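As recorded in TrEMBL:
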BINDING   33, 34, 35, 36, 37, 65, 104, 133  4-amino-2-methyl-5-(diphosphooxymethyl)pyrimidine binding site
BINDING   66, 85  Mg(2+) binding site
DOMAIN    8-189  domain 'Thiamine phosphate synthase/TenI'
Ligand code: TZP
Ligand code: MG
């Protein structure tokens with residue numbers, strides 16, 4: 001069973017990826033994605049070791065974005081692959097079968113492809129516009145989630161689908177009503193003044 005709240009690391013004015021992860025862990029997140037863009041694998045690897053040590057200290061699970069070899073090297077719990085990353089079966093050859101793999105989707109076809117590829121979870125988004133991700137796919141909104149999740153249900157698939165993109169705690173109840181399993185969030189957590197309160201609110205909404 002995968003968790004229902006994934007925190008996605010990001011950098012912002014003076015806050016490093018590791019700072020953002022430390023803050024999220026302290027606030028109660030137990031599922032972390034290290035998402036570093038445009039850096040050589042050696043740089044990502046060093047930060048990933050630090051992130052993995054931190055996650056172990058908090059008994060949290062670490063997902064590495066994009067870099068299958070880094071996920072393998074730090075013995076991460078999982079790997080997340082975007083639509084333009086390597087196919088999931090190729091990544092599994094690198095990580096081995098103990099690593100869970102999540103894949104991004106924007107359309108129902110993407111979700112079905114992810115299922116065919118053997119994804120352990122699918123990240124469906126963006127829910128709304130977000131400055132956190134560049135080259136954002138078309139925004140789905142609640143209506144997009146409703147129709148895609150309904151079609152998925154009619155086809156009889158039960159893969160956990162995680163909503164992503166500009167999500168706030170207030171969005172969670174209506175997102176869950178569409179059949180979504182959990183959420184991945186970055187900005188709303190990173191910017192919250194009282195992260196502990198926010199995480200506990202989110203966890204209550206998700207359980
Ligand atoms: N993929 C689609 S939207 C997004 C990613 C990685 C960013 C999520 O971050 P935020 O700040 O919660 O919108
Ligand atoms: Mg990617």
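In case you wondered, yes, glycine gets a Cβ from its N, Cα and C as well.
Counting only residues at least six positions away in the same chain, the Cβ atoms of 80, 81, 82, 83, 110, 114, 122, 123, 125, 164 sit under 8 Å from the Cβ of residue 104 (4-amino-2-methyl-5-(diphosphooxymethyl)pyrimidine binding site).
The average pLDDT the prediction assigns to the domain 'Thiamine phosphate synthase/TenI' (8-189) is 97.
The CA atom of residue 33 (4-amino-2-methyl-5-(diphosphooxymethyl)pyrimidine binding site) is located 10 Å away from the CA atom of residue 66 (Mg(2+) binding site). Comparing the binding-site residues 35, 37, 133 on other C-beta atoms within 10 angstroms of each C-beta gives the minimum for 37. Neighbour density for residue 34 (4-amino-2-methyl-5-(diphosphooxymethyl)pyrimidine binding site): within 10 A of its CB lie 28 other CB atoms from the protein chains shown. With a cut-off of under 6 Å between the Cβ and any atom of ligand 1, the binding-site residues 33, 37, 65, 66, 85, 133 reduce to 133. Spatially close to residue 65 (4-amino-2-methyl-5-(diphosphooxymethyl)pyrimidine binding site) yet at least six residues away along the chain are 8, 33, 34, 35, 36, 79, 80, 82, judged by Cβ distances under 8 angstroms.
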